[in-house]
Amino acid sequence: MTVLFISDLHLSPTHPEITQCFLRFLKEDAPKASALYVLGDLFESWIGDDDGTPLQIEVADAFKALSDLGIPIYFIHGNRDFLVGKRFAKASGMTLLPEHHVIDLFGKPTLIMHGDTLCIQDEGYQRYRKKVHNPLIQWLFFRLPLFVRRRIGEKIRAGSTKSNMEKSEDIMDVDQSEVLRVMKDNGVTQLIHGHTHRPDIHDIRIGNDPAQRIVLGDWYTQGSVLVCTEEGCTLQTRAF
Ligand code: OKV
Ligand code: MN
């Protein structure tokens, strides 16, 4: 029994080598697992399930093939692909999970999330997040035709490339007190998240109890997978 966790692939048509590595992972590694968790930022951008780009269709088909083998696939939104919806989930055979979710990982209650909500000191980002997560703003955004949504996405990405928003995403790490708060709140001693692109297994304490914060890696220069068994969890890489 093996449970796999990935995040921060940032798939886009401009980086086919990442997509190829990911599709190979779905074909060769994932079928041997008992579950696959995708903890956000699978895609570099997402403006609606109706976009239907060749990349999105290729990924949905590959997920569906895995799901048809009987491997459950779970997805938590990232800050990039927070608009991934029910239609894409259904086509992929994956289950959408809420932004914070507790699973039983080999007997250990484990909190899983993307990780952007832990970066509370990045106030600019949190302000932007509140806006684009507002249901009314999303409802209005989805009323817009695809070509307008595409143009807005391009504009926001171009503006963010040199802005504070993008810098802080790279520079800023999680807030330690927020980590302890959400772990206590959810009654867990294990947390798995991505987003910061700083793969590591941190031994921490929650009061007197030993606890772990596991950070997934990005897929910028290699594949990055957290492999968990009854024996424990290990961070692994996959060459492109
Ligand atoms: C995703 C990020 C671009 C970070 C816009 C309402 C608005 C949704 C949106 C547009 C952008 C997602 C959906 C994208 C994440 C960026 C740049 C930085 C730090 C509105 C609802 F504006 F019209 F109100 N968006 N896209 N960034 O291109 O995928 O997370 S995106
Ligand atoms: Mn992220």
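Backbone N, Cα and C define each Cβ position, glycine as well.
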Figure out which of Asp41, Asp49, Asp173 sits with Asp8, His10, His197 in the Mn(2+) 1 site per TrEMBL. Asp41
Out of His195, His202, which does TrEMBL tie to the same Mn(2+) 2 site as Asp41, Asn79, His114? His195
Of His10, Asp41, Asn79, Arg80, Ser160, His197, the binding-site residues listed, which put a C-beta under 6 Å from ligand 1? Please answer none if none do. Asn79, Arg80, Ser160
Binding-site residues His10, His114, His197 vs Arg80 (substrate binding site), shortest C-alpha separation belongs to His10
Fewest other Cβ within 10 angstroms of its own Cβ, chosen from the binding-site residues His10, His114: His10
Among Asp41, Ser160, His197, please name the binding-site residues whose Cβ is nearer than 6 Å to ligand 2. Asp41
Does DSSP put Asn79 (Mn(2+) 2 binding site) in a helix, in a strand, or in coil? coil
Assigned element (helix, strand, coil) containing Ser160 (substrate binding site), judged by DSSP: helix
